[in-house]
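The structure appears right after this line, and notes come after that.
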Amino acid sequence: MASSRVKIGALVPLESIHSKGCSVSNVPLFEGYNVIGRNDLKISDKRVSRKHVSLNASANGSMEALVEGPNPIIVSSQGQRKKICSNDKVLIKDGDIVELIPGTHLFKYTAIGNDNSSQTPQKSTSPSKRVKRHSEKSESSVAKRTKQILEDEALARDLQQMEDESLFEGSSEKKETLRDFSLSKDKISDTFRLMQVQGIPSWANLNSVTIPDVIQGDVLVAVLSNYMVDIDWLLSACPTLKNIPHVLVAHGESGASFDHLSKSKLKNWVFHKPPLPISYGTHHSKAMFLVYPTGVRIIVHTANLIHVDWNNKTQGLWMQDFPWKDASTLSSNRSPFENDLVDYLYALKLPELQVNLPSIGNVSINAAFFRKFDYTSAKVRLVASVPGYHTGSSLKKWGHMKLRSLLEECKFSKEFCKSPLIYQFSSLGSLDEKWLNEFGSSLSAGKTDDESPLGIGKPSIIFPTVEDVRCSLEGYAAGGAIPSPQKNVERDFLKKYWARWKAGHVGRCHAMPHIKTYTRYNGQSIAWFLLTSANLSKAAWGALQKNGTQLMIRSYELGVLFLPSGIHHGSSFSCTGNSNVILSGSDSSSHKHKKKTKLVSLCWNKGGHSNSSQEIVRLPIPYQLPPPPYTSEDIPWSWDKRYTKKDVYGQTWPRHV
């Protein structure tokens with residue numbers, strides 16, 4: 001019957017880095033009602049429903065799409081990337097790109113007469129292998145434009161491959177740096193992990209993690225803390241969550257996003273938005289607290305609970321498991337990590353959950369509940385921010401003043417005297433030189449073994465350029481998660497700090513960073529390293545007021561600080577594996593044995609100076625050290641500027657033209 005209908009165009013599959021290996025044919029569209037689903041596309045991905053989306057096509061070539069399935073779609077139109085949820089409608093026009101599942105199964109709508117609606121798109125082969133199908137004289141201007149888009153896309157991918165392959169040319173470490181960072185997925189590591197990214201070389205994902213690697217096993221209670229939450233994606237990506245008896249979600253959503261969240265939640269889920277007493281603040285912390293019959297797993301990471309954050313961006317994650325305390329040590333044996341954790345959870349003002357835990361009985365899940373676990377083996381220190389005006393004993397409890405106090409307590413090697421700092425993040429606040437000096441003073445704190453101050457370090461600000469975003473895995477769409485306005489970015493005093501995002505040693509040059517890190521280094525040696533949710537802003541880190549006696553913070557943030565003196569050795573405990581258990585209240589000789597450690601990057605030379613009394617801890621820092629400074633041609637990304645040079649998907653920016 002379709003053959004008797006008027007054809008108005010086609011959905012042309014994009015064989016992009018998001019849907020590598022796509023073999024789907026063009027999908028013809030006819031005037032009137034069209035249904036697109038799993039069977040029509042001949043794909044096995046069950047996230048795509050049998051009746052995934054219906055398209056009501058008009059004679060003029062425009063279409064109204066209705067999302068029929070439970071999972072949202074993404075429509076990119078005129079530089080704006082919109083998520084369309086189940087039962088919602090959207091108008092689709094010629095040239096728009098539709099992602100049937102966010103980040104995957106990409107199709108470009110091509111109206112009839114707009115060239116190539118009946119052709120299979122060109123594959124991502126070398127430009128020298130692409131064949132011209134028609135002479136330029138016979139091509140229409142629209143056909144030329146479409147062809148140029150395809151060629152730009154292929155060229156961008158060729159450049160990416162060339163960059164990855166040439167990075168370590170002439171070196172025995174060619175494309176292998178991350179392979180040296182070898183950790184079992186069953187092991188709770190001494191360091192942190194990068195998250196898996198779609199569309200990068202397989203070697204670059206060898207030691208990365210996915211959300212099912214983290215949320216696994218017999219979880220009794222889950223507390224999930226984040227800013228953005230896509231519950232439809234979350235449940236499809238991690239089905240284990242559906243079986244957890246009690247789930248509490250602390251979030252930062254509002255408006256329509258929160259309305260959808262509320263409608264989609266399961267019966268045993270509770271949502272809570274922590275109070276924001278000061279305007280322009282957010283609940284931005286990204287963490288998970290998973291209670292098991294044997295203990296608790298704590299995860300601090302940098303990704304929103306949405307598809308693109310866990311699949312298309314450079315992200316980091318730390319986790320460690322801790323056993324239950326013995327009854328005799330419940331009110332004692334309180335480590336600094338425990339105190340910091342409980343203080344932070346109190347600040348969230350979480351609603352209490354009344355639950356019945358096997359072999360434990362009826363308990364209230366609140367901040368005090370988390371004192372029931374033994375954190376003496378913690379390998380990191382927590383650095384959190386909570387909104388408020390902090391004075392007196394609370395002045396150094398939060399934000400950059402907390403980081404300052406922890407560094408002041410630590411002794412560092414003399415090699416880090418006046419050594420440089422790295423500020424790496426995805427959003428830049430409205431800054432001034434006075435605050436940047438205040439922040440730099442906190443990050444420069446610390447002394448050497450002979451009590452000499454380390455001295456102020458010169459910072460480099462690692463931040464994506466416009467060209468980085470344009471040629472990224474997501475094209476300009478990646479810029480939506482780098483929300484820095486031009487007025488914040490183009491300040492003269494920042495020019496001397498800009499440094500390039502170079503991540504070839506971990507295969508992530510084109511996976512735009514959503515990870516946030518701060519560190520002090522000398523060569524490939526690391527004094528300390530912070531993985532956090534905090535961007536470079538006063539709202540996140542706090543600003544001193546009243547002659548330095550008050551710290552004002554607007555937002556909630558959470559990070560973990562790696563210090564050489566903070567890494568314990570010996571047996572490790574796992575809630576899900578068969579690792580040796582450290583018994584609370586025991587002699588715990590492993591706690592007493594603290595071997596001096598040296599923190600290094602993945603590119604640290606093994607043949608360098610070694611010390612048998614030191615243990616090397618490799619941190620998968622995802623950027624080049626030292627970072628190359630911007631050239632005169634490099635422009636930092638601003639999300640409210642217009643960019644007319646097409647990205648790898650043939651799109652321009654901004655969202656609204």
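Using the three backbone atoms N, Cα and C, a Cβ is placed for every residue, glycine included.
Curation does not apply to TrEMBL; its annotations are automatic.
A quick note: this is a predicted structure, and the numbers were derived from the prediction, not measured.
Around the Cβ of His284 (active site, nucleophile), 26 further Cβ atoms fall within 10 Å across all displayed protein chains. Summarising the annotation, TrEMBL assigns active site, nucleophile to His284.
The Cβ of His514 (active site, proton donor/acceptor) has Thr302, Ala303, Asn304, Asp309, Lys313, Thr314, Gln315, Ser426, Ala481 as same-chain neighbours under 8 Å, each 6 or more residues away in sequence. What TrEMBL lists as active site, proton donor/acceptor is His514.
Annotation comment: TrEMBL describes Lys286, Lys516 as substrate binding site. For Lys516 (substrate binding site), the Cβ neighbour count at a 10 Å cut-off comes to 25, with all displayed protein chains included.
Taken from TrEMBL, the feature compositional bias 'Low complexity' covers 117-128.
Sequence annotations record features per position, and here TrEMBL assigns region 'Disordered' to 112-144.
Less than 8 angstroms from the CB of Ser537 (site 'Interaction with DNA') sit Ser427, Leu428, Gly429, Ser430, Leu431, each of them six or more residues away in the same chain. What TrEMBL records for Ser537 is site 'Interaction with DNA'.
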So if I measure Cβ to Cβ from Lys286 (substrate binding site) and keep only same-chain residues at least 6 apart in sequence, which ones fall under 8 Å?
Ser225, Asn226, Tyr227, Val300, His301, Thr302, Ala303, Asn304, Ser533, Leu558
To the nearest Å, how far is the Cα of Lys516 (substrate binding site) from the Cα of His284 (active site, nucleophile)?
12
